[in-house]
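One structure is given below, encoded as C-alpha cells.
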Amino acid sequence: MSSVDLLPALLIVAPIVAATLPIALGLRYDRTGWAVAAVTTTGLFAAAVALASEVYTAGQVIHRLGGYPRTYGIELVADQFSMLIVLLVTGVAAGVLAYTRRGGPRGNTFYSAYLLLVGGLLGISLTGDVFNLFVFLEITSLATYALVASGDGAESAVAALKYLILGTVAASMYLTGVAFVFMATGTLNMIELTSAIPAAERPILIRAGLGFMIVGFATKVAQWPVHTWQPNAYQQAPDGATPLIAALVSSASAYAFGRLIVTVFEVDYLAATANAAPIVLAIGCVSVLAGTTLAVIQTDVKRMLAYSSVSQFGLIVAAYGVVIAGSSETALIGAAIHLVGHGLLKAGLFLAVGLVAVSYGARTVDEYAGLATERPVVAGSMAVLLFALVGIPPSVGFVGKWYIALGAVESQLWPVAAVIVLSTMLTLAYAARLLEKMYFTHPPSIESIPSPEPVATDGGDATAPDGASPDAVSIGMVSIVVVAALAAVALGFAGGAIADLLAPFLTEVFN
Amino acid sequence: MIELLANRYAYLLLFVLLGIGMYMMIANENLVKKLIGVSLFQTAIFLFFIAMAYVEGGAAPIVPNEGSEVASPLPQVIVLTAIVVGIALTAVGLALIIRIYSEYGTLREDTLREVRADE
C-alpha cells in the first residue's frame with residue numbers, strides 16, 4: 001500500500017482526532033483552538049491537493065479499511081467527482097478559519113465542533129459505503145447542531161432543536177432506505193450495489209428504499225416543503241459559522257444524493273424505474289421557484305440568502321432529475337460545477353454579511369443603504385458574488401446553470417429549462433434589491449454613522465454583533481471576501497477544465 | 001393476508017412503533033416528549049434492521065460453525081453503530097432543551113411560540 005492510498009483515511013481521521021485537542025489543551029492553555037484548527041486545516045488542504053493530483057492523473061484511489069475486501073469491509077473511494085467536493089470542503093474550511101481569527105466566534109469548543117464538522121464532511125465525500133454515509137451524515141449534523149446553538153441568544157437553541165428533530169428524521173429516513181436496499185441485495189458497498197441492485201429478486205424493496213432515501217435527502221438538502229429548518233438555522237448560527245454551514249453541509253448532502261443516483265442506483269436503472277425521474281424533477285423545480293419567491297420577500301439579509309440556498313439546491317436536484325430522465329452527462333457536469341460554485345459563492349456572501357454585521361450592525365436589506373460609499377471593497381466583492389449567484393457571465397454561477405440548462409434542452413425537458421430561466425430572473429430580483437440599496441440609496445441620516453465612542457475597554461475586542469465597530473474588521477477578513485469573489489470569477493473560466501477533469505468519471509457512469 | 005400477518009408480524013409491529021414515534025414528534029407540544037418520539041422513531045428502525053437479520057432456526061454467527069444456517073452479523077454490527085449515533089443525538093437534543101428551558105422557562109412548544117412572538 002503506497003502512501004497515497006493512506007490519504008483518504010488520513011483526511012477523515014486527522015480532523016476527528018484533532019477535534020479533541022482544543023478541548024484537551026484548553027484545560028491548561030487558553031486560546032489554543034485556532035492554532036490547532038489552523039495547522040489541521042492547512043494540512044488537510046495540502047493532503048486534498050496531493051490526493052486530487054493523484055486522482056486526476058492516475059485515476060481513483062481506493063482505501064480498504066483494515067484490509068477487508070469490499071464484500072464485508074468498508075471502503076473509502078476518492079474519484080473525480082468526490083475530489084471536487086473534498087477540495088471545496090478543505091478550501092472553504094481554510095478560508096472560514098482565517099476569517100474567524102478576528103471575526104469570531106472564538107473559544108476552544110467552537111474549534112472542536114468546527115474540526116468535527118470538517119471530518120464528517122470529508123467522510124461524506126470519500127465514503128464508498130451506504131451505511132458509513134449515514135454515520136458521517138450524523139457526525140456532520142451533530143457538529144452543525146452544536147454550531148447553530150452556539151449563536152448568542154436563546155433563539156439559536158430553538159433553531160438548533162428544530163434542525164435536530166428534522167435532521168434526525170431525515171437521516172433516519174435514509175437509514176430506513178438503506179435497510180430496504182440491504183434487505184433486497186445483502187450488501188452495503190456502493191460498487192457492489194451497482195451490480196446487485198438490477199439483479200435483485202424483489203425490486204419493490206429497492207423502490208421503497210429509493211423512496212425513503214429521496215425523502216431523507218430532500219430534507220437534508222433543504223428542499224421545499226421540508227426546508228423549514230434551514231432559514232432559522234442559517235440565520236441564528238453565529239456569523240463565523242454560517243458560511244461554513246451554508247456552503248458545506250447541504251452541499252455535501254447534495255453530493256451524497258448525486259452519488260447515490262449515479263453510482264449506487266445507476267442512471268439506467270433509475271431511468272427504467274417508473275416515476276423516479278418525474279419525482280426528482282418535481283422536487284427540484286418546485287424548490288427552485290418556492291426558494292427564490294420566498295427569498296424575494298425577506299427583509300433580513302442572512303435569511304434572504306438562506307432561502308436562496310433552497311432554490312440553488314433545487315437547481316442541483318433538478319439537474320439530477322435531468323440526469324435520470326435524459327441520461328444527460330451535461331446536466332451532471334452542471335450539477336457538479338454548480339455544487340462547487342454555489343458553495344464558494346455562499347461562503348463568500350455569508351462572510352461578507354458577517355463582516356458588515358460586525359462593523360456596522362447592519363442585518364436587514366434596508367440597513368445596507370450606502371454601504372458602497374462606506375466600504376467600497378466589501379460592497380464591490382458582494383456585488384460580484386451576487387452577480388455570480390444570479391448567473392451573469394463570466395462567473396461560476398453562470399457556468400453551472402448553463403450546463404444544467406443545456407442538459408435540460410438536450411433532453412428536451414423544456415419545463416426545466418423554463419424554470420431555470422424564470423429562477424434566474426427571480427434571483428436577480430432579490431440580488432438587485434440588495435445592490436440597489438448598497439449603491440443607489442443614501443444612508444438615511446446620522447443614525448447610520450457609527451458612534452465614535454471608543455468603548456474598547458477590553459482591548460478592542462468588539463466582536464459582539466451589537467457592539468459593532470468598523471475597527472473590528474481586519475484587512476485579513478476583507479481580503480478573504482475579496483478572494484472568494486475573485487475565485488468565483490476565475491472558476492467561471494474553468495468550467496471546461498472541470499468538465500475535462502470529470503470526463504473519466506462520466507464515461508464510467510454513462511458507459 | 002392472514003398468512004402475511006403471521007409471517008411478518010415483526011415488521012408490522014415495528015412500523016406501528018415508527019408511526020407512534022413520528023406522531024409523538026409531530027403532535028406532542030412538550031419538547032422532551034417530542035425528543036422521546038424521535039428516539040422511538042429511531043429505535044423502530046434499529047429493530048427493523050435486527051428483525052431483518054433473523055433466520056428461522058439460525059445459529060449465532062460464530063466462526064467455526066457446524067454447517068448450520070447463521071443469522072447475518074452485519075445488521076447487528078450496524079445497529080450497534082447507529083445506537084451510538086442515536087444516543088449522541090438524544091444527548092445534544094436534551095442539552096438544547098435545557099438551554100431553551102433556562103432561557104424561556106417553558107418546555108411546551110405552544111407557550112414557547114407565544115413567548116417568542118412577544119419578544
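Backbone N, Cα and C define each Cβ position, glycine as well.
Sequence annotations record features per position, and here TrEMBL assigns transmembrane segment to A:6-27 (among others). A Cβ distance under 8 Å defines the sequence-distant neighbours of the transmembrane segment (A:6-27), meaning residues of its chain 6+ beyond its ends; these are 33, 36-37, 39-40, 43-44, 47-48, 50-51, 54, 61, 63, 65, 76-78, 86, 108-109, 111-113, 115-116, 118-119, 122-123, 126, 139.
Summarising the annotation, TrEMBL assigns transmembrane segment to A:34-56 (among others). With a threshold of 8 Å between CB atoms, the same-chain residues lying at least 6 positions outside the transmembrane segment (A:34-56) that come near it are 4, 7-8, 10-11, 14-15, 18, 21-22, 25, 78-80, 83, 86-87, 89-91, 93-94, 97, 100-101, 106, 111, 114-115, 118, 122, 501.
For the transmembrane segment (A:76-98), the residues of the chain that approach it from at least six positions outside its boundaries are 7-9, 11-12, 34, 37-38, 41-42, 44-45, 47-49, 51-52, 55-56, 59-63, 65, 114, 118, 121-122, 124-128, 190-191, 240, 243-244, 247-248, 251-252, 255, 258-259, 262, 336, 339-340, 343-344, 347, 351, 476, 480, 483-484, 498, 501-505, judged by C-beta separation under 8 angstroms. Here TrEMBL flags A:76-98 (among others) as transmembrane segment.
The annotation transmembrane segment is assigned in TrEMBL to A:110-127 (among others). Below 8 angstroms of C-beta separation, residues 8, 11-16, 18-20, 22-23, 33-34, 36-37, 40-41, 44, 74-78, 82, 85-86, 89-90, 93, 97, 100, 133, 135-137, 139-144, 146-147, 150, 240-241, 244-245, 248-249, 252-253, 255-256 of the same chain, each at least six residues beyond the ends of the transmembrane segment (A:110-127), sit close to that stretch.
Positions annotated as domain 'NADH:quinone oxidoreductase/Mrp antiporter transmembrane' by TrEMBL: A:128-427.
Taken from TrEMBL, the feature transmembrane segment applies to A:163-184 (among others).
Taken from TrEMBL, the feature transmembrane segment applies to A:204-222 (among others).
As annotated by TrEMBL, transmembrane segment applies to A:243-265 (among others). Below 8 angstroms of C-beta separation, residues 81-82, 85, 88-89, 92-93, 96, 99, 114, 117, 121, 124-125, 130, 133, 137, 140-141, 144, 147-148, 190-191, 193-194, 197, 206, 210, 213, 217, 220-222, 230, 233-234, 237, 280, 305-306, 309, 313, 316-317, 320, 323-324, 332, 335-336, 339, 342-344, 346-348, 350-351, 354, 509 of the same chain, each at least six residues beyond the ends of the transmembrane segment (A:243-265), sit close to that stretch.
Positions annotated as transmembrane segment by TrEMBL: A:277-297 (among others). If you look at the transmembrane segment (A:277-297), the same-chain residues 6 or more away from its ends with a CB under 8 A from one of its CBs are 214, 218, 223-225, 227, 261, 270-271, 304-305, 307-322, 324-325, 413, 415-416, 419-420, 422-423, 426-427, 429-430, 433.
Annotation comment: TrEMBL describes A:331-356 (among others) as transmembrane segment.
Annotation source TrEMBL lists transmembrane segment at A:377-400 (among others).
Feature annotation from TrEMBL assigns transmembrane segment to A:412-432 (among others).
TrEMBL lists A:475-499 (among others) with the feature transmembrane segment.
Here the transmembrane segment (A:475-499) lies next to the transmembrane segment (A:331-356) in space: the count of CB pairs under 8 Å, restricted to residues six or more apart, reaches at least 3.
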